[in-house]
Amino acid sequence: MRRFLPRKRFPWPWLRRDATPNETSPLLPKAGSTNNAEELALVTTDFQAGTNSGQQHNSPTDARIDPCYGYSFMDYFLKYFLIICNLLFTVLGLLLLALGVWGLISKESFAQEKISSIGTDPMLVVLSVGFLLTVLCLSGCVGALRENRCLLKLFSATVLVLITAQVIIAIVAHTLQDQIEGNLRSGMLVAIARYQDDLDLRFITDEIQSNLQCCGADNYRDWEINIYYNCSAPGVLACGVPATCCVDPLENGTVWNSQCGVGAQLLDEFTAQSVIFLGGCLGEISRWIKQHEGLIGIIVTVVFGVQILILFITIRLLERINRHKV
């Protein structure tokens, strides 16, 4: 039983081994061995060289070899400038979206009897523009804030497509001025014919006539194509024009006189010029454009420049994000 019991040895001083190297140590060369001493010196030198090379490899100096790209103040400025611009345009898109929805609901465009003509509703255009602007700018804002490369690539590609489309539209509009004027005249006549039936076209026509002080497309006689203002119509509006064609539609300067244009088409031009505007709106639109060419050019340049600046900032941010990701 005694051999199975564990025995703990006490480290007596006389039992300790002498670990001091001497001449009998197998790892050290003897005093008279010159070749062994040279070999030991060579091994020691190689070991120290390897250790030093390992320390140098892990030193901070070698860490400078790997490039480390950091954000500068200008990068942060451009990033948050992009976020703020997209937020502002997102708010604008939401306002247009709300306006389009409100217009469609207030006119009951989704009713069964009007659903067939909803494709020509101007409020549908406002709704579509607001939705696209909101989605586009929101993706750019979130992509810049989260540094998401997929959203930023989608945003930059869409902005590039929009810039290209605007350039093409400007070139085509400058080339086909006569055809555009003819299409504008046709659209104005359609708005006059549907003046009483479509609230949007009525609002647009009234704004153009009252602000530009004009009546009809070419002249005030164009209102004959409207079934309510035609001279053969049975109502009180027969041979008349809307109140927005009147020179002074306010009675006594305070009350809106909606009957001021009644019977204006029966008057000769000399008598009618004191009651209504004789000139058409197409000529007034051309005259207004020529008078404000400088302002229009500045606005177009600013809008185009903002789009190019946003595209440049997005590409710069994408380059920085790619360097950090790599």
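The chain as shown is numbered from 1 upward.
Cβ coordinates come from backbone N, Cα and C, glycine included.
Model, not experiment: these values are computed from the prediction.
Feature annotations, reproduced from TrEMBL:
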TRANSMEM  80-105  transmembrane segment
TRANSMEM  125-145  transmembrane segment
TRANSMEM  157-176  transmembrane segment
TRANSMEM  295-318  transmembrane segment
Cβ pairs under 8 Å between the transmembrane segment (80-105) and the transmembrane segment (295-318), at least three:
yes
Remote residues contacting the transmembrane segment (157-176) - C-beta distance under 8 A, at least 6 residues beyond either end:
136, 140, 304, 307-308, 310-311, 314
